[in-house]
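Enquirer: Right, I'll just put the structure down here and ask away after.
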Amino acid sequence: MTRHSRHLAAALSLATALAVSACGGGGAADGDTLTLLAWDSEEVMTPVLEAFEEAHPDIDVEATYSPPVAEYIQALQTRVLSGTAPDVFLIAAENKTNLIEGGHVLDLAGEDFLAGVPEFNQQTYGADGAVYGLSLSSWGAGILYNEDLLAEVGAEEPPDTWDEFLALCAELKDAGITPYLEPLDAMPGVLSAFLGAYDASTGHTMDDEIFSGASTFEETWTPLLEQYNRLYDEDLVTRDTVGLGPDQVEAEFANGRVAMMIAGPWNVNSVREAAPDLEVRMVPIPGVDGGEPFLAGAAAPGLAINPESGNIEAAKAFLSFFASPEGIEIYQAQLGAITVTDDFEPPLDPALDPVVEDVRAGNVYLPQIAWQRAEDVLNVEAVAQIQRMVQGEITPREVAQALDRKLASS
Amino acid sequence: MTVATEAPPPSGSGTATRPRAAGRRTGPSGGWREAAAHQLFLVPVAAVFIVLFVIPLGQTFYWSLTDFTGYSDDFAFVGLENYRTILSDPSMTAGLTFTLLFAVGTTVLTTVIAIPLAVALNQRLYGRNLARSLFFFPAIPSMAVLGLVWGYILSPLGSGVLNSVLDSTLGLGPVPWLSDSTLAKFSVIMVGVWGGAGWHAVLYLAYLQSIPHEYYEVATIDGASGRQRFFHITLPLLMPAMVISQFLLMTNGLKVFDLPYTLTNGGPGFATQTITQSIIVSGVGQGQYGIASALAVLFTIAVAALAFSQLLISRRIERRVL
């Protein structure tokens, strides 16, 4: 090797080493630069970050963006494992168990910014008295209905009981109107609401009993799955829902081709944009077997702090600003979310009036968030088995038995 | 005598190569230096192969013997437990079945469509270049985009694009393209074929254009029909293209993820779930890197076995035909 080539090799090695060290140092930044891995888009976050930097001129926020859910989980997981996790990131249903058990999130219990956050949101991202996420909003999914189509069969709004709801579906169908549609690419909202109402009636012990072995999915879920499946068994709703995505269901509703759909607050905004003249309103999902109407839903993902961060105080200042009326007002204006802090009343679409109080009070339920382990494993299994049940391939009891088997092997 | 021994060797391929070969074996240090220099050219490729394939594969095998979650270095060795879990899980076997069906289905159907299409596009016809571009176009967008677009076309509702056309033209009721397990499998395969047939037709077209036209002229003079010319000239001479095309189709089919994921998300049930989807969902979504790694190892072995078998069979047929 000539002297020239030796120098070249040395220079290349140095350059490589510098590049590698620069890549490796991209995590928790020191000094006054706060790193954030955002779940919402840059468009949503920029006004909040600008307001924060204006309120805290000594802190710069260096935000990176990754869309929910799978991409975000993967991006965060890679950074956590490589020791380059950002100072602030999101803890969600899909990663909370792994983040908490791995010690990758700071306990926020007792922090001032949690004072106005309901117990429900704190507990969703907490364990054993610790709170690992600042969840500032919740969502609830209910029945969104087209007032004009319901009026064609003399109904003002969907009824409170499941039997009456099925009767209304039959009436609509007889009148040539598609009564109800739901996308089955995720856990059905109706079933989640049934389970939530049942869980509330047991004093919120349903999942404790299943995961402790005192009860089973078969015992708990089968009667509710049977009730839910009446939609299909009684031929009130097309079994084609297993091949529909949420956008397709929403398009059918916005075009006035279906009277009722399962919907969250985000659907109301987009239906308004697609069909401004449509008279719509949302109500909780009817109760089954004398139970109360309930909502599918959950606390939104929470902001979490990296315990290895060199910027913990700046991170807490960021969370504190986010939870303040000023911060949350800017954020809420971007998304129209149902925020839950007690010192800010979110301006929301009037169509959501019948559900807002329950959502803010945490009267919502989503199995995959309430489950205590193997959340995504069980969720994937449940969705696939429910699709098979709707197709008529298996019975409701077999769905529940499959979940028991999955839990036992996870 | 001296003259004879000092005379230059007679020209000819046999004698011309002998001294060079002898020199390489018995010559001074220049021989192995030359050989080493040749081998040095392989070093970058070997380094890339080792860094990007051998080491990750070794690591994957290592993780497949653990309960690694992807979040913590605190993991335990579980032996072959992950392999046992996979082989006893019905969703994994369903995924394997559909993956094989998709790979074989798209390979066969694409080949059956692409060769006649290439022959047609090779004819002198008005707007030939436009036709070639149109058939090639579906290969340009990613399969994920195709999946999303076809999701609307194949919507099982009466308002779906294809169902609307069927209703207005033939009076057929809505067909559950994506909500019936069998039809969903068929739909995913058909969209895969639609997206790939044009690309592979262009590949065949390139080989078709290298077939000397004289062969066809002679065959025509001898009274061969169009069918005979196709089966006795075109098809055998396309064999090298078929080997390449089918190898690409089979390997791409086995590792397919984006199309079924966007079109059906693996449903209904596990009907259109693929092995790659299982690996990604288990590893990333569910924090089960051990299981995902075991699945990846098994899948690598299966793909390698299939690919080698296919190459072996193709080459044997190629040798027999050509």
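Cβ atoms here come from the backbone N, Cα and C positions, even for glycine.
Sharing the record's features from TrEMBL:
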- B:1-30: region 'Disordered' (REGION)
- B:12-27: compositional bias 'Low complexity' (COMPBIAS)
- B:40-62: transmembrane segment (TRANSMEM)
- B:96-310: domain 'ABC transmembrane type-1' (DOMAIN)
- B:98-121: transmembrane segment (TRANSMEM)
- B:133-153: transmembrane segment (TRANSMEM)
- B:186-208: transmembrane segment (TRANSMEM)
- B:229-249: transmembrane segment (TRANSMEM)
- B:291-313: transmembrane segment (TRANSMEM)
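Set these features in their place in the structure for me.
Expert: Tertiary proximity for the transmembrane segment (B:133-153) is limited to same-chain residues at least six positions away from its ends with a CB under 8 Å from its CB atoms, namely 117, 121, 160-162, 178, 187, 191-192, 194-199, 201-202, 256, 258-263.
Beyond the ends of the transmembrane segment (B:186-208), by six or more residues, the same chain brings 101-102, 105-106, 109-111, 113-115, 117-119, 121-122, 132, 134-139, 143, 146-147, 150, 154, 177-178, 234, 237-238, 240-241, 244-245, 248-249, 252-253, 256, 259-260, 263-264, 272 to within a C-beta distance below 8 angstroms of the stretch.
Long-range neighbours of the transmembrane segment (B:291-313) within the same chain, counting only residues 6 or more positions beyond its ends whose Cβ lies under 8 Å from a Cβ of the stretch, are 57, 60-64, 68, 82-83, 85-86, 92, 96, 103, 243, 246-247, 250-251, 254-255, 275-276, 278-280, 282-284.
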Enquirer: Do any residues, 6 or more residues outside the transmembrane segment (B:40-62), come within under 8 Å Cβ-to-Cβ of it, and if so which ones?
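Expert: Long-range Cβ neighbours of the transmembrane segment (B:40-62): 293, 296-297, 300.
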